[in-house]
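Student: I have a structure here, written as structure tokens, and I will follow up with some questions on it.
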Amino acid sequence: MSESDPDMMKPETMKSYIWLQTSDGSVQQVEQEVAMFCPMICQEVIHNGAGSSESHAISLPQRVNPDMLSLILDYCRFHQVPGRSNKERKSYDEKFMRMDTKRLCELTSAADSLQLKPLVDITSRALARIIEGKSPEEIRDIFHLPDDLTEEEKLEPLKNTMDDPRIRLLNRLYAKKRKELKERERLKNVEIGEHVDERSVDDLLSFINSRDPKTSKGKKKSKKKKDQKIDSSNDREGPEDFHDKESHDLHSKQQGVEETGSSMREVPEDDIFMPKVAGSEDGDIDDEIDPAMKEMLDREVEDFARRLNSNWVCSLGQERRPVHFSINGNRTTRQHIGQSSGHN
Amino acid sequence: MRTEEKEEEEEQWPGSAHEILLLVLPYLHSLFELLSMTAVSRSLRDAIRAETALWSKVVVEPPLSSRLTDDILWDITSKSAGKLNTLILRQCLRITDKGLRRVVDANPLIRKIIVPGCTELTPEGIIGCVESLSKDNHNVETLHINGVHRFTKDHLSALSTYIPHEGAIDVEVCPKCDQVMMIPSCSRVSCNRGRRHERKCKGCWFCVPRCMECSVCLGSDTEIQEAACGGDSLCLECWLVLPKCRFCNKPYCTSHSSLRHDVVTNDSSAQPMFECQACHYRAGKNPYDAFDYQI
């Protein structure tokens, strides 16, 4: 305890105080039981012995300004009292949360930096309630966020971005095969993509919805991770369902091909990476032209698939069955291992 | 002036809005908000895609419900990497047994299936799903199927072998009409004395008259108050707090409150008034004529 300022100290109270320093440099002292409610402060006191005097005040994270600190301390002061009922606490929390969005954000940030989980919880819920039902435009408006997505990117919300280079390569190989179908769909895509909705979410789903029901099971959108277009080009129905599910299971972990806004409308994105494929592609996208090349590619794919399988089974547990990709086109290999789980 | 203020506000806005929103992501209410957020900014979109924990609970409500097809549902649930935990599909009219089963088969850890109003589903499909999930010592904890048609007592008893816990399923067999229905609980003191199963007012909505607001049972010995929405009844406590039509003094229940014809007055200090539909259409006629309020 500090001996420097006798006015602030009441010798008869026997309370101990912790000294805290906020981002603007000002120092204040707080009752120990109140301050220790914050895990971060608690750690500092116990592990580093800080906060015991004005000169050794605990330096709070930068996001905690004096205004926020006083709010947080009010919260701590109320909740650290053990005798309150749940109902009381809940109703205090409700009232506490009534503030404008900006302050709510600052409070969330400050509480997070002090690791005060219950407060982060209620502030996050309050913010989530604000976001409820809003369109992306409105959300950007409320939180003053810059709009850094291109139009096309806004229409691809569910692509996955896992960064496994082997999977990426596989994806490229598959994307190449999908090229012929993409060409056909491109015109249709451009039409649909032109629709401008106020609510982008509607856009997303209506975009997904409005796909041409050509492919198996009406699976429309040729997302990078799906290879159903390949299957459908061979007109196989029954085993396709199972295969789709399998490859989808796999693909759901795979990275979507490049994020260069390349939905269905742009064609050549894979060509850039073709040289990396063993057996140097000459950028030719038509499979049928070079069967020998195709054979080699097929072998590559098989090899990768086998290697992936071993990793896959280890990392995903026994729910996953080893998957063998069927190679479409000239060959019709179908090598499923493992049982179907009563599927379709 | 306004642009100046707005600029000032923008400067003061916490630059860490992005981190804060990342904290908020797990608390988002439904799929709608999650998808909305993916279109807000690049960093948010990447964060949402990468985080499989965000997708372990899928909640689809109107207005997205009518657009959700089996395929889209499959896409969405695959993002959980097999760890889907809770599936809530409200009034998703396009979801079929096949679609649901596919999701269930790929996600054996599902504990809650809440599919009210998904009319394309059938009892057989649902029983198949529950059966598939109940293997390997796993249990479905909650199953809400009110609104899925053609459920019979036999279906329910089949389900209860897989889900023995009382209250896990939202529908029961009504003791009075013997149909599979939702049976509301009652807040009346006399009904809560003793065991839940033995209360007299245990019956479905059609069999036991209840207050529209608080679903307390209304018997012959309690005063039943009428609501303006014709056919709905209210208990005295709820009737007292609801605003009433200025002519016939009947309130609308809260679910029908949109039927009010609000009376616009210039006097802002006066209580807001409304007329019920019947009185509104009768306006202009002599209010002292005999008028049958019992519509």
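Don't overthink the numbers, they just go from 1 along the chain as shown.
Any Cβ shown, glycine's included, is placed from N, Cα and C.
Got these off TrEMBL a minute ago, pasting:
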- A:18-80: domain 'SKP1 component POZ' (DOMAIN)
- A:117-155: domain 'SKP1 component dimerisation' (DOMAIN)
- A:209-288: region 'Disordered' (REGION)
- A:216-227: compositional bias 'Basic residues' (COMPBIAS)
- A:228-252: compositional bias 'Basic and acidic residues' (COMPBIAS)
- A:253-263: compositional bias 'Polar residues' (COMPBIAS)
Student: What counts of helix, strand and coil residues does DSSP assign across the domain 'SKP1 component dimerisation' (A:117-155)?
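Tutor: For the domain 'SKP1 component dimerisation' (A:117-155), the helix, strand and coil counts are 27 helix, 0 strand, 12 coil.
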Student: State the mean pLDDT for the domain 'SKP1 component POZ' (A:18-80).
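Tutor: It averages 86.
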Student: Count up the helix, strand and coil residues in the domain 'SKP1 component POZ' (A:18-80) according to DSSP, in that order.
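Tutor: Helix/strand/coil tally for the domain 'SKP1 component POZ' (A:18-80): 31 helix, 11 strand, 21 coil.
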